[in-house]
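**Q** As listed in TrEMBL for this protein:
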- 101: active site, phosphoserine intermediate (ACT_SITE)
- 101, 313, 315, 317: Mg(2+) binding site (BINDING)
- 407, 408, 409, 535, 536, 537, 538, 539, 544: substrate binding site (BINDING)
- 88-123: domain 'Alpha-D-phosphohexomutase alpha/beta/alpha' (DOMAIN)
- 145-203: domain 'Alpha-D-phosphohexomutase alpha/beta/alpha' (DOMAIN)
- 220-320: domain 'Phosphoacetylglucosamine mutase AMG1' (DOMAIN)
- 334-473: domain 'Phosphoacetylglucosamine mutase AMG1' (DOMAIN)
- 492-563: domain 'Alpha-D-phosphohexomutase C-terminal' (DOMAIN)
Ligand code: G16
């Protein structure tokens, strides 16, 4: 339900103005300024209840603001204000998600969602940082600046969707967002506990007048699950083992939402849910980030040899798969393996359907060298590399008829252009197709429907992956064998100020500190098939180090040596990084 204490006040102001004004232009100007002074009075009144700690400086990072939850009340209020302004500017519904995703429970954060369900546009990230860091007495001036620069019509009634994850701090912080929205006379709809991708989906549905689906959690489950069940009609002879999936919910919102959704698909997919939040701590020794970085199974799950397992992250926008073989060896199927599975499946369908659509896979510097080689050399697919952050991958993927984008950490989705969707629909509607084309068209159409195209979505990705494996009659071991990952290692180094490291070439080379890249190059040269890069994280106060090489020992040694270089040349704090072995 829309909630807005100020809606009556706004309507009253408009009616009085209308009666008094002679020309239409004058009427609008007067209405705008009357509105503006009312709205600024409200902002002023409420902002004093959400004071900024003096001197605190925060930056809108890879996916919004992230820090200890205790420091975020003013940020949330101000992001409510900014979302209202963005809504007035775009004359559309905007989303605000309160979450710190993969970060520890004590952190929190906020992600802004633009009208089509994508991450907020970069110029507005700048405004977010500006507002976040304005001292209390400068807030109104900073807001007026944004309004003037963007020529915002303040009489438009802002509409904002708000969602939150399961962190104990999230309820109060989302209240602060709602207060920000209503201070600007905006309407807000509080979806309460939802995954980040669910909120993105609902914003898109709302702004496309239901063309993308119904803007409700039930609508989301119906669309995705119906498409999944239709895809599964093409899977013959699925054994009970193939229908079973072990899922680590990271003790977060994803677990709650799997519980809500699973009955819709129970005939075809039986999920054993672990780390459902009933006892364990959010993201602690579990979840997609832990599994990917540590390259081991999460705690809280008893994994049988050969069993297909997956992990979500804290707000369910990432997923990774894994299994353990009969010798107890752990095998990870990360975002690169997911992108390979999906793009191979789509390429086969396009050939069967006789559709000539250009498809690309979008990756980041973290993509395993073997995956890029396989996609380019064996699959003959276009591969593009962008900076970390799904917002970057999403925009590159939009350049193609079909853009499969995944970060190695399991964050990604598939985008279909309008013309690609139309061609698939036309093919599906054509009564003259032969059986193979009919099958391919039906599969492509329902693949489009099972995918959440607004942002990476663990639930939607899981349904798509499960469907592909079932349709192809493929085991997780066969999927894993498509190519062999180069051994790799990711480490974090704490430095006094991570901004001393600046990068270029999609974050593959460091520009500062001076001479730093030469040191990395010299270290990389010591090992066969090696590659390494460093970049400041945009979600944690650390510098990330990635290394890959011909053996795990070499990848570990290289990652350690590069970490030492970061520590020594970029102002490391605390103890020097220790060797891994
Ligand atoms: C966010 C972003 C991802 C990014 C990750 C790590 O994920 O949405 O695109 O890969 O942060 O970013 P960084 O290395 O800059 O810390 P999430 O799942 O935490 O929202």
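Just so it is clear, glycine is given a Cβ too, placed from its N, Cα and C backbone atoms.
Because the structure is a prediction, the values reported are computed rather than measured.
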**Q** Given the binding-site residues 317, 407, which one is most crowded in terms of C-beta atoms within 10 angstroms?
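**A** Checking each of 317, 407, the winner is 317.
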**Q** With a Cβ cut-off under 8 Å, give me the same-chain residues at least six positions beyond the ends of the domain 'Alpha-D-phosphohexomutase alpha/beta/alpha' (88-123) that come close to it.
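**A** Cβ under 8 Å, 6 or more out: 63-69, 72, 75-76, 79-80, 82, 150, 152-154, 156, 158-165, 167-170, 173-174, 177, 181, 184, 194, 196, 199-204, 206-208, 212, 253, 281-284, 287-289, 313-315, 317-318, 389-391, 394, 453-455, 539-540.
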**Q** Are there residues of the same chain, six or more positions away from residue 313 (Mg(2+) binding site), whose CB falls under 8 angstroms from its CB, and which are they?
**A** 101, 102, 250, 252, 254, 283, 287, 288, 289, 319, 410, 458
**Q** Counting all other Cβ atoms within 10 Å across every protein chain shown, which of the binding-site residues 536, 538 scores highest?
**A** 536
**Q** Would you mind listing, in sequence order, the residues at least six apart from residue 544 (substrate binding site) in the same chain with a Cβ closer than 8 Å to its Cβ?
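**A** For residue 544 (substrate binding site), the qualifying residues are 490, 491, 492, 534, 535, 536, 537.
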**Q** Any idea what DSSP makes of residue 544 (substrate binding site), helix, strand or coil?
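**A** Its secondary structure by DSSP: strand.
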**Q** Calculate the distance in Å between the alpha carbons (Cα) of residue 409 (substrate binding site) and residue 317 (Mg(2+) binding site), and round it to a whole number.
**A** 10
**Q** C-alpha of residue 315 (Mg(2+) binding site) to C-alpha of residue 538 (substrate binding site): distance in Å?
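**A** Roughly 17 Å, rounded to the nearest whole number.
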